[in-house]
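Asks: A single structure is presented below for examination.
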Ligand SMILES: NC(=O)C1=CN([C@@H]2O[C@H](COP(=O)(O)OP(=O)(O)OC[C@H]3O[C@@H](n4cnc5c(N)ncnc54)[C@H](O)[C@@H]3O)[C@@H](O)[C@H]2O)[C@@H](O)CC1
Ligand SMILES: [K+]
């Protein structure tokens, strides 16, 4: 089963993999025509072919309807467009409308509700009506002329076949506000929709040629999960605490700046006072909350715990070092803190020894995974299997992002892979940046989605940098390109700013 939001993301990922919306629409319309034939008996001996009326809206659902018409040569076909052709919303649908015009198909443009008639080209009553008014793009109750068209469709004697979703029905919930099409059958694309399980109609799930990688491999569609309007207000994105530093100072500063670049509203660093000034000196954007001493020791546990409860996500590990006392604080922290924690670097070794109170996202490279007790393998499919097995030994609170030429992200149930990034990114500091990015994203996304989008954006930030400047990448270069890497490449080319 797939939700509308996830379906839109998968469609976009398919496009990024080279399968265009036009190709998907062609397969969709073809699949609908196939079901039309299954639902109607075509009597080849008869002199009068069956009549199909396609009622199309101005979105891509309508586009599927236009394509369907071209696959029904043995029928008498009539296409009703609800609204003016100039207002067809997408270029993909528009192109298919124009193909109907040029091909001399019977079309009627409905301008007002009184002119709606669900009939064939010569006033014949239809054998089948194809409902291609609205699909996953519906919001709220059907407006006019769709509402009147839906009532008329429901009153015909014809078999009614809905494309993707019955028009007016919410694909995620199955509910509708006001009138909706009540079909005999639905051809839905790619995967079953949660809302279709509740309705009283036959459902055919049609494979429209979306590559499996569009679901599994992180792509620009995954960035859609970040574009909810509520996140455009300051304060909505979240606050991140970085617990790091001691023997090292650069790592926590990089993580903190990366979290800011990935959209966190506020980022604070909890570090030993001995290095607080040095960390502060890296950037005026950093807020430092120091505790006494030179390293994280048990005396600082309460300090970091009370800070962490005031933040949405904690990033634990960058530059902490592997002192025994430090690692004991890491263990106590993970046992007690109920929020989401991104664990990186030396802190990772502690993870298998504790039963955490909150959700944990670990970001090891393969060596660190092995040190944790996990196994690796040469090809990613085997690595992914071994990772799932390892996670099930830990608990269902753990999400792992194992870095490599291909990153693998898994929570034991869902496994995603990421192919962005380049060999230049093995330079020091890129891991600290990834941890910060994932920390910021985990304020607003589920752990698996935060880790997936984080890996994708981090790798892409590296790809953009290398494309611009060639090799010789520094971790700090990534900070500049993270905001661009979190935008759909199509929008970047079109000059759409991240505020749009
Ligand atoms: N995205 C893709 O790659 C594919 C999408 N496909 C089809 O595209 C559909 C989604 O397309 P769209 O996103 O264009 O959306 P829809 O075609 O479902 O409809 C969106 C349009 O309907 C209007 N609308 C929304 N709510 C309304 C209401 N209550 N009353 C009247 N009008 C309303 C909107 O203004 C918008 O123009 C899917 O259901 C599927 O049929 C297929 O072509 C296969 C591939
Ligand atoms: K529909």
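Every residue gets a Cβ built from N, Cα and C, even glycine.
Sharing the record's features from TrEMBL:
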BINDING   60-64, 135-141, 164, 251, 319, 365, 432  (6S)-NADPHX binding site
BINDING   61, 131, 167  K(+) binding site
BINDING   431  AMP binding site
DOMAIN    7-216  domain 'YjeF N-terminal'
DOMAIN    217-489  domain 'YjeF C-terminal'
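Help me see these features in their spatial surroundings.
Replies: Residue density at residue 136 ((6S)-NADPHX binding site): 23 other Cβ atoms are found within 10 A of its Cβ, drawing on all protein chains shown.
When secondary structure is read from DSSP and collapsed to three states, residue 131 (K(+) binding site) falls in the strand class.
Cβ neighbours of residue 431 (AMP binding site) (same chain, under 8 Å, six or more residues apart in sequence): 344, 345, 363, 365, 403. Residue 431 (AMP binding site) falls within a helical segment according to DSSP.
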Asks: Suppose we screen the binding-site residues 60, 61, 136, 139, 164, 431 by Cβ distance to ligand 1 with a cut-off under 6 Å; which survive, in sequence order?
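Replies: The ones that qualify, in sequence order, are 60, 61, 136, 139, 164.
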Asks: Which binding-site residues, if any, among 61, 131, 136, 139, 167, 365 have a Cβ under 6 Å from ligand 2, given in order along the chain?
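Replies: Checked binding-site residues vs ligand 2; flagged 61, 131, 167.
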Asks: Counting only residues 6+ away in sequence within the same chain, which have a CB under 8 Å from the CB of residue 131 (K(+) binding site)?
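Replies: Counting only residues 6 or more apart in sequence, the Cβ neighbours of residue 131 (K(+) binding site) under 8 Å are 55, 150, 153, 160, 161, 162, 163, 166, 167, 181, 183.
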Asks: To the nearest Å, how far is the Cα of residue 136 ((6S)-NADPHX binding site) from the Cα of residue 61 (K(+) binding site)?
Replies: 8
Asks: Among the binding-site residues 139, 167, which residue has the fewest other Cβ atoms within 10 Å of its own Cβ?
Replies: 139
Asks: Can you tell which of 60, 164, 365 has the least company, meaning the fewest other C-beta atoms within 10 angstroms of its C-beta, among these binding-site residues?
Replies: 365
